[in-house]
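The feature region 'Disordered' is assigned by TrEMBL to 116-154. Marked as compositional bias 'Polar residues' by TrEMBL: 124-134. What TrEMBL records for 185-234 is domain 'PHD-type'. According to TrEMBL, the feature site 'Histone H3K4me3 binding' maps to TYR187, MET198, ASP202, TRP210. Taken from TrEMBL, the feature Zn(2+) 1 binding site applies to CYS188, CYS190, HIS212, CYS215. For CYS201, CYS206, CYS228, CYS231, the entry in TrEMBL reads Zn(2+) 2 binding site.
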Amino acid sequence: MSFIIDEFQADLEALPNILQKKYALMRDLDKSLQEIVRQNEQRCEQEIEDMKRGLRAGNITPDTSLLRFSEEALDEQKHSVRIADEKVALAIQAYDLVDSHIQQLDQYLKKSGEELRRAERENTATASPTQTPDGTTKSGRSGESGRGGRKKTRLATAAAATEVAASAANPTGVELDLPVDPNEPTYCLCNQVSYGEMVACDNPNCKIEWFHFGCVGLKDQPKGKWYCPDCAAVKNRRKSR
């Protein structure tokens, strides 16, 4: 596991330089685009003034279907569109690169969480047994083990992933408005991606499993077992029978 993490860390350290080169290309393209747009605006304004003078002098027919910009102006506009497409392509490449690292990080965090839970179960199994009132013994269960412990684990992994993704995605401070990954897993009643504080349902068969605090009316981490609205309703129906 440590070898895999070291390998991922080496890849992650190279990520800022790769992104910086892409952002530099985007800045160069943006400068070229601004210059072409400025020239095109001046050319179009001049041609519009020439059309107005021609109309007033009667040298140009007032038929608007025959009025159009010159080929030079139209070529500049087409060139502007091509540069804008190149910028979008670079932004998508940068996003995909960061997203692949985030997915790798999610896998490593998942494996790390499984190892921590396995170690916790082993420690619980080797703990001293407690005496019950009827004289029998049973192993104690920590209040934060099992699914209860996952409530904190989810917050820690989500915070870690968010922090690493944010630092890797924008090392140069260039602001990019990139779309949300459509492959990102969704949770909660709102069927949205993971964000903020989340809580896990203690029903092991819960279909949704993770919920945003705001969507289930929580402000603080619940104490003890917590069930989502659907699982709580099923549990209450079983009790009433």
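Note that Cβ sites are derived from N, Cα and C of the backbone, with glycine treated the same way.
Remark: CYS190 (Zn(2+) 1 binding site) has HIS212, CYS215 as non-local neighbours, by Cβ distance under 8 Å and separation of at least 6 in sequence. Close to CYS188 (Zn(2+) 1 binding site), meaning Cα to Cα within 10 A, are none of the recorded positions out of ASP202, CYS206, CYS231. Confidence over the domain 'PHD-type' (185-234), given as mean pLDDT on the 0 to 100 scale, stands at 90. When Cβ atoms from all protein chains are considered, those within 10 Å of TYR187 (site 'Histone H3K4me3 binding') total 19, not counting its own.
Take the CB of CYS228 (Zn(2+) 2 binding site) and look out to 10 A: across all protein chains shown you find 23 other CB atoms.
Close to ASP202 (site 'Histone H3K4me3 binding'), meaning Cα to Cα within 10 A, are the following recorded positions out of TYR187, CYS228, CYS231: CYS228, CYS231. Secondary structure by DSSP for the domain 'PHD-type' (185-234): 9 helix, 10 strand, 31 coil.
Among the recorded positions TRP210, CYS228, CYS231, the ones whose Cα is located within 10 Å of the Cα of MET198 (site 'Histone H3K4me3 binding') are TRP210. Annotation for CYS206 (Zn(2+) 2 binding site): same-chain Cβ neighbours under 8 Å, separated by at least 6 residues, are TYR227, CYS228, ASP230, CYS231. With a 10 A radius on its CB, MET198 (site 'Histone H3K4me3 binding') counts 20 other CB atoms from all the protein chains.
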